[in-house]
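Record features, source TrEMBL:
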{"type": "BINDING", "residues": "Glu135, Glu170, His173, Glu219, Gln253", "note": "Fe cation binding site"}
{"type": "DOMAIN", "residues": "118-271", "note": "domain 'Ferritin-like diiron'"}
{"type": "REGION", "residues": "17-57", "note": "region 'Disordered'"}
Amino acid sequence: MYRVLLSNELTCDSHPPFQLCHKPATSPSPPSSLRRPPVPQSNGENPGSLFPSVSSLSNKNLSVSPSFRSKTGSGHVACASKGANNKPLTGVVFDPFEEVKKELNLVPNVPQVSLARQKFTDGSEAAINEQINVEYNVSYVYHAMYAYFDRDNVALKGLAKFFKESSIEEREHAEKLMEYQNKRGGKVKLQSILMPLTEFDHTEKGDALYAMELALSLEKLTNEKLLNLRNVAEKNNDVQLTDFVESEFLAEQVDAIKKISEYVAQLRRVGKGHGVWHFDQMLLHGEEIVA
């Protein structure tokens, strides 16, 4: 039984140890006809090797990680990024005190000018004021409808309740736009509100159907105005105003159009007689209306 010793000696149980020879054994060279042609060397690579040497990699603008170099004890560790410079990263990405200088110059010193205004154009400010006026006008019309259906000789309390809630909702929309205008540093400029109709009776359709069709037209008009406001914001590259209109108004407006469209269809189905009273009672008590 032979054993390999740490001292590179070979021994067995019956023979004394003898020293291994590190000199490679020589063999007769093959004939010249059987020899392989020499592989040309390029870029410091070893002939016949499948991969380039590490020393050749270090000459190809491959950066070396200093921390990994210290761990391995070797200075030939290639980084994965080709062409990266060998300058160590300083860790400084943003110098606030240097970059804030240009912003300090933009802070107004006049007390009449908003301090919060940033990337908010005059066009966006004017479009918001226009939409505020739209919301207030629609609210005013709904309030007139509420007053009409609440009369003692009309007495459709469910429709009166519906239009009163709609008036409050439109006014809240106007107030939300006013709050946003102040938040962005704009100035709210309220415009005049036209006097709405006071009579909504219609000989052919009846007052309930006529008022509901008018409400549907107003909701669609409001939706068009909101889309125009969004287009102004997009044209002025005002991402924040675009997000505000889309998240706070557009989805809700689609829901309102769908609901009032169903009310119009149901009122057309029931006619002007007892069906209107039944429809009104369902609105009054908050029951689901089934056509």
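One is the number of the first residue shown, and numbering goes on along the chain from there.
Glycine too: its Cβ is placed from the backbone N, Cα and C atoms.
Small disclaimer: the values here were computed from a predicted structure and weren't measured.
Residue density at Glu170 (Fe cation binding site): 24 other Cβ atoms are found within 10 A of its Cβ, drawing on all protein chains shown. Neighbouring residues of the recorded Fe cation site, listed in sequence order and excluding Glu135, Glu170, His173, Glu219, Gln253, comprise Val134, Val138, Ser139, Glu169, Thr222, Leu226, Phe249, Ala256 (Cβ within 8 Å of the Cβ centroid). Counting every protein chain shown, 18 other Cβ atoms lie within 10 Å of the Cβ of Gln253 (Fe cation binding site). There are 23 other Cβ atoms within 10 Å of the Cβ belonging to His173 (Fe cation binding site).
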